[in-house]
Amino acid sequence: MDSAAPALSPALTAHTGHSATADLAIQIPKCPDPERYFYTSQCPDINHLRSLSILNRWLETELVFVGDEEDVSKLSEGELSFYRFLFAFLSAADDLVTENLGGLSGLFEQKDILHYYVEQECIEVAHSRVYNIIQLVLFHNNDQARREYVAGTINHPAIRAKVDWLEARVRECASVPEKFILMILIEGIFFAASFAAIAYLRTNNLLRVTCQSNDLISRDEAVHTTASCYIYNNYLGGHAKPPPDRVYGLFRQAVEIEIGFIRSQAPTDSHILSPAALAAIENYVRFSADRLLGLIHMKPLFSAPPPDASFPLSLMSTDKHTNFFECRSTSYAGAVVNDL
């Protein structure tokens, strides 16, 4: 993984025959920009998101998955297969996002953006570790069974459709702004249906701590997509934006793939994910696309209505109060609207 570009960007020169300490020489430009050597706020919107991320930091060790293992036995065979599949995808996709963050941060010199990406990388690590725990819960702590399942699932056509589409779009990507459109689609669309399907466990009082972690992770991703939208809008001035038809085409394709993903894997024997619930999830994916288009100052593509009050992810927007029996408060400080 590429690391975030340091403010100093020193050139390190090796000299044969000297100690390791003596081999490092820092070269400072003859006419340096003084702002490279101290912090100056240049991106107030991104700085706000960094502060929000710090305020809402959490660790996988704060979540105790007591009771979730017992709930696994309450899932039907189709439901268990479905949720194992979702978490195999989310775990793999989350690691891919982490690997790409260093490359994005290296495009900028503004410290607010660099500092923000440090925070995002840190929380993505927590996501990855939580997904590991949840996968083990779904496999009754049988690590070998989990490994064999992931090895046989990671190239499933529904997952490959997302990966192949993304790889093709990256290869043909003509500009830096288009790369940010792809990041918005990865975190804002390609996770949306999975987050919603997991949230439906809450309505059946199942896997309570898994649902708490889903609250936290989906809210984090809302911050991340907002940051990508802000950067796309405000900090890519030297790069031409892709034409509207191109952006709309990418959004339309991503939504079609995401809806196909959830349809192809939805269990047929489920009391958790009814046909009405699946229709609500599909509408939510379209609504999320329209909202993200609005964040980058474009008109909606689908004109999808917002989810109604019974949609489980909407419960995350209400104020929550920690009680004695909660393992971790999922209240989120700050006023970032969650669309995931």
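Each Cβ is built from the backbone N, Cα and C atoms, and glycine gets one as well.
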From Glu148, Glu187, Glu256, the one annotated by Swiss-Prot with Glu124, Glu221, His224 for Fe cation 2: Glu187
Among Asp94, Asp143, Asp164 - the residue Swiss-Prot places in the same Fe cation 1 site as Glu124, His127: Asp94
Beyond the flanks of the transmembrane segment (180-200) by 6 or more, those residues with Cβ under 8 Å of it: 82-83, 86, 89-90, 93, 97, 100, 104, 162, 166, 169-170, 173, 210-211, 214-215, 217-218, 221, 224-225, 228-229, 231-232, 236, 242, 247, 250-251, 254-255, 257-259, 261-262, 272-273, 277, 280-282, 284-285, 288-289, 292, 296, 311-313, 315-316, 339-340
Least Cβ-crowded entry, counting other Cβ within 10 Å, from the binding-site residues listed as His127, His224: His127
Nearest recorded site to Glu187 (Fe cation 2 binding site) by CA-CA distance, among recorded positions Asp94, Glu124, His127, Tyr131: Asp94
